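Here is what Swiss-Prot says about this protein:
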{"type": "ACT_SITE", "residues": "241", "note": "active site, nucleophile"}
{"type": "BINDING", "residues": "201, 230, 241, 328, 468, 473", "note": "substrate binding site"}
């Protein structure tokens, strides 16, 4: 008898029918690179990009199943850049992480010409051979840009890789593709979007943003900032997260570039969680070529530095939030805000603990206002100062996205009579904010202090398990 089984595509994956064993494999096969309708709104139709940067994406076929989509990206500057990066704290640091660290240390953050990225294979836990592969990628880009070094330890290109851990790169494919990508370098929006696509793995949409701004010393001069990032799973950062490349045409001294990036990352990429895992490859790099001219930012005490710090941090937060919105199988974007803590660090630890809790995440997926799970996570938060969490002073509420009054769940340790119908309506929305107050709640007593910590995270769904169960296929 002819099968009447039906298939449907959701979020770029094909939904499979029940197997003969009665099990359901929800989203097991990548359908194509089409972008889900719900994600289209996050993709820019145009952009204003920093002067002097050229980008491209090209197809190498790093994964054999990828027969046509770009999986190698180049981001190059026409002139040498100042550069800084933050890297994963995972002990098994991937080969590209080690090579990029070496490039920055050898050059002391100067003379950097660009970044080469491949998706489909992480080149992590691949031994000496993997290290040589990463070095060859860097050297190949230098060769294409006309800046080859006689010393293989002194290349000028950073390297990033993302994909399956424990497998060697098909290095010949990548080295053969780098010249093709170089020949396609361009500065237009299409080129930036193609490069952003090339670094994706299980992402359902490319993550790209750009901004134009001014600085106090040059109020009539336009500066630009652009960034791309990738990530949808294995995301819970520690010193960095995912892959991110930020480029600006502001002239910035290498000595202040690192504190600029570290501050921005600590309040953005280090404040998101999808599944609690910290990758072996996490890298966020910032390149500044000074092509827009004006005064060079050389000290952390200058008005330009202060302004740039705010601009970069806000920009990085917007990029990081796109990663959460593309969490594997996610249906919710959740902000957790912990207020009135004695320190920012303790507030962030508590927010992070809530964001990592599988019970909190699954309750939100089920649209269940089970605030006891939030309290439980607050209570077992590790490494915070004694007396930070006092049950009798703790309040929890849901803050709706429509601007209406917060739904109070717990006030000063006392449970509220929760309007379950209103709670259900709030949890129907894609966006939600959880507010935890460690001070005096509605009594207005600030109690322990006024520091705040924020984390962004998503829920856990059936699809997350299936996507990751089938990752290597």
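From the backbone N, Cα and C atoms, a Cβ is placed for every residue, glycine too.
Keep in mind that this is a model prediction, so the values were computed, not measured.
Remark: of the binding-site residues 201, 230, 328, the most isolated position is 201 (fewest other Cβ atoms within 10 Å of its Cβ). Secondary structure at residue 201 (substrate binding site), as computed by DSSP, is coil. Under DSSP, residue 230 (substrate binding site) is assigned to a strand (E or B) in the three-state scheme.
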